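*Asks:* Just passing along the structure, written as structure tokens.
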Amino acid sequence: MKFKNVAATGAVFLAAALALSACSSSTSSTGSSTAASTGTAAAAAVVSTPDSSLTGTITAGGSSAQANAETAWTAAYTAQVKGVTVNYDKSQGSGGGVTNWLAGSYDFAGSDAPLKADQQTSSQAICGTGGGLNLPVYLDGVAIIYNLPGVSALNLSTNTLADIFALKITTWNDPAIAADNPGVSLPATAITTVTRSDGSGTTQNFSNFLSAAAPSIWTFPPTNTWPIAGTSAQKGGSGVVQAVGAGAGTIGYADHSAIGTATAATINNVAFSQAGATAAFTAGATTVPTTTGDLSQKFDYSKLTGPSIYPIPLISYQIVCSTFKDPAQAALTKSYVGYVASSVGQQIAQKNAGSAPIPDSMLTQIQATLATVK
Amino acid sequence: MQSAPTSSSGSAVKTSSTTPLGGGGSNDSTATKRSTRVRPGDFIFRGLSTGSAVLIMVILAGVALFLIISAIPAITADWSTNSQLNTGPTAAFPNFWAYVGPLIWGTLWSAAIALLFGAPIGIGIALFISHYAPRRLASILGYLVDLLAAVPSIVFGLWGIIVIRPFLLPLSDWLSANLGWIPLFGGPVTTTGSTILAGALVLAVMILPIITSISREIFLQTPRLNEEAALALGATRWEMIRLAVFPYAKSGIVSATLLGLGRALGETMAIALIISPAILVSVRLITEGQNSQTIAANIALNFPIATTLQRDALIGTGLMLFVISLAVNSIARLIVNGKRGKRKKGKDKPSTPGPLSTLPSGDFASATAIDVVAGTPRIGVSDIEGPTPEEDIEGARY
């Protein structure tokens with residue numbers, strides 16, 4: 001009994017020590033990354049220096065795609081502004097985040113899709129006549145991952161990709177795939193497409209791409225839930241990555257920052273890179289015109305061609321009120337989102353969450369919009 | 001099963017607490033004297049327990065009301081023209097019933113497969129614990145099975161994804177190759193293992209604790225006299241179980257199974273993680289594109305992105321699940337109470353098993369206590385030849 005107690009106490013101490021060391025290491029790493037980014041901030045175009053005297057709590061939630069970036073932003077931001085706590089709940093998903101934000105419980109929502117027209121209307125209840133503002137702060141790519149023993153590099157053209165996910169191509173040695181991969185010997189394995197079973201911004205972005213880039217093959221409207229039965233549908237991006245890894249002849253799509261060690265195919269001979277995603281934003285994204293300074297983006301996928309542009313980008317937004325009910329929360333949220341939408345903030349997400357930086361021209365527009373937020 | 005004896009023993013404890021055990025004569029007079037004074041403790045406790053009972057009714061009614069009120073807009077809406085309902089996950093369905101129908105099927109189908117695997121094993125474990133295992137092993141095993149109930153379902157889900165799905169792949173391939181002509185094993189065979197078979201197997205493990213612990217309690221309550229009579233007539237252990245234990249425990253086994261079914265119907269996370277779902281009616285077990293989705297998992301997967309009316313539709317499916325669970329539990333109660341009601345009428349005595357009937361009818365507390373004491377050694381019965389020393393002593397009491 002005594003020994004047990006001693007052992008238990010020892011275990012507690014050990015756990016405490018581990019926790020402490022984990023704490024200190026994370027603190028030091030954020031410290032260093034902040035320091036590093038402050039160093040580069042001098043050269044960066046968009047600077048947002050948070051007021052370190054602010055105090056309070058920012059409550060937010062939504063998209064799980066930007067969750068890793070939110071963690072990095074929060075750590076870096078609260079290191080500078082010690083009095084502020086940022087709580088971002090990624091378990092809500094984009095839709096849940098917007099729902100909670102519309103109910104008035106969030107200061108901002110993270111969402112992979114901008115507000116729909118009816119949501120924009122109902123947001124006037126909490127935001128005044130200006131409604132909500134969609135601010136694109138997170139950029140990444142949809143990666144096409146596959147598991148085909150013996151094939152270590154795979155290229156797919158847009159049409160072949162659409163054919164595969166529309167279940168029109170069902171074996172790996174199909175002539176269309178062979179034509180995309182000259183010189184590669186493809187097995188006769190059946191193709192299992194792995195998709196999301198839950199609603200997802202990744203699905204939304206991927207089906208945006210499919211319906212715009214291959215409209216004759218992909219006849220379904222863009223949607224956040226996979227429209228075709230007969231696939232292997234998995235919960236969450238990690239579920240897709242797991243299932244693709246577990247089966248032979250599988251192919252699936254996932255947020256690029258979440259694919260881990262899975263093998264990604266090149267699309268039209270372009271592999272994903274952070275620079276490629278940023279280039280896609282610069283080349284194809286246009287702001288949907290509004291009078292409020294809202295910055296919803298629409299991609300013209302026909303412009304996303306060329307060896308340095310990744311054709312399936314993924315955007316995630318932070319959605320804030322144009323007029324907050326509480327001016328104190330407005331100041332806090334503006335400070336945090338302003339930090340996120342600075343060159344420094346984008347570099348932190350790039351480094352810690354693997355996302356691509358939003359181009360400076362867009363960051364400048366976000367800062368301009370934020371300046372109008374009351 | 002237990003409710004009647006427990007409540008009666010509770011009141012008996014109150015009246016006989018000051019009198020020595022078995023003092024039936026003086027019991028009545030003491031009880032009347034005590035009952036003339038109302039103590040504040042009595043009053044408060046009675047109020048508290050009545051309040052709790054009322055509260056649970058209010059909560060249940062509140063949940064039912066919430067489900068019905070929230071579901072009505074989605075049930076009455078025109079799904080093909082409504083802009084909130086003809087997009088996303090509900091786009092393919094003309095109305096609520098077309099949406100919920102396959103989900104009800106999927107819920108019942110996966111739970112039925114889980115029961116098919118889980119019920120026999122659960123009852124087997126219970127029988128082993130109550131009648132076969134040595135006492136030490138029995139208590140350890142019982143503890144372990146109860147521990148299974150404490151594992152969170154998301155852990156079962158991850159276990160299903162990482163262990164069970166790959167484990168079942170060779171079996172799926174074999175079944176598809178050799179028995180693919182049976183509709184159950186038809187369709188394109190899975191490559192990732194994300195099948196309803198894998199989900200239902202994990203579900204079977206999850207319902208084991210419920211089925212086992214209830215069946216075990218019921219097996220242990222088999223009247224000793226019946227068991228001993230069967231053994232005395234030359235029955236082997238198996239014959240004794242078949243002749244004495246099973247007939248006695250039949251209704252209990254049914255209710256244990258139905259309670260397990262209730263658990264399986266409502267399971268969410270494990271199913272959502274393991275099975276690759278589609279909203280369609282299918283009996284196929286080893287495909288990944290044609291597994292019927294369950295109500296609970298569908299709610300979990302679609303709630304975060306639902307529009308207002310889609311959320312109402314999901315709540316409507318929840319209402320259906322509520323109705324199904326209510327029906328299953330009511331059937332379980334009916335079966336148990338029906339059997340008991342008959343027995344009570346026939347015997348005109350409390351049907352509490354064990355040596356209770358041989359004791360003074362006023363003294364339930366001590367009778368139950370003796371019953372419990374007499375009941376526990378039965379776990380330890382390990383030899384087939386005859387009664388153990390404890391049983392001899394106990395026998396002398398009659």
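Note that Cβ sites are derived from N, Cα and C of the backbone, with glycine treated the same way.
All TrEMBL annotations are machine predictions without curation.
Among the features that TrEMBL reports, signal peptide is placed at A:1-21. Here TrEMBL flags A:50-343 as domain 'PBP'. Summarising the annotation, TrEMBL assigns phosphate binding site to A:Ser63, A:Ser64, A:Ala65, A:Ser94, A:Asp112, A:Ser200, A:Gly201, A:Thr202.
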*Asks:* With phosphate as the bound species and A:Ser63, A:Ser64, A:Ala65, A:Ser94, A:Asp112, A:Ser200, A:Gly201, A:Thr202 as its recorded binding residues, calculate the greatest Cα-Cα distance and give it in Å as a whole number.
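*Replies:* Farthest-apart Cα atoms in A:Ser63, A:Ser64, A:Ala65, A:Ser94, A:Asp112, A:Ser200, A:Gly201, A:Thr202 are separated by 10 Å.
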*Asks:* Given binding-site residues A:Ser63, A:Ser64, A:Ala65, A:Asp112, A:Thr202, which are under 8 Å from chain B when comparing Cβ atoms?
*Replies:* none
*Asks:* Could you tally the C-beta atoms, other than its own, that fall within 10 angstroms of the C-beta of A:Ser63 (phosphate binding site)?
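*Replies:* Other Cβ atoms within 10 Å of A:Ser63 (phosphate binding site): 31.
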*Asks:* Give the sequence-ordered set of same-chain residues, not counting A:Ser63, A:Ser64, A:Ala65, A:Ser94, A:Asp112, A:Ser200, A:Gly201, A:Thr202, with Cβ within 8 Å of the centre of the Cβ atoms defining the phosphate site.
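*Replies:* The surrounding set, listed in chain order, is A:Gln66, A:Gly93, A:Ser111, A:Gln204, A:Asp255, A:Ser316.
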*Asks:* List the residues of the same chain that sit at least 6 positions away from A:Asp112 (phosphate binding site) in sequence and have their Cβ under 8 Å from its Cβ, in sequence order, or write 'none'.
*Replies:* A:Ser63, A:Ala65, A:Ser94, A:Ser200, A:Gly201, A:Thr202, A:Gln204, A:Asn205, A:Asn224, A:Leu314, A:Ile315, A:Ser316, A:Tyr317
*Asks:* In the predicted model, what is the mean pLDDT computed over the domain 'PBP' (A:50-343)?
*Replies:* 89
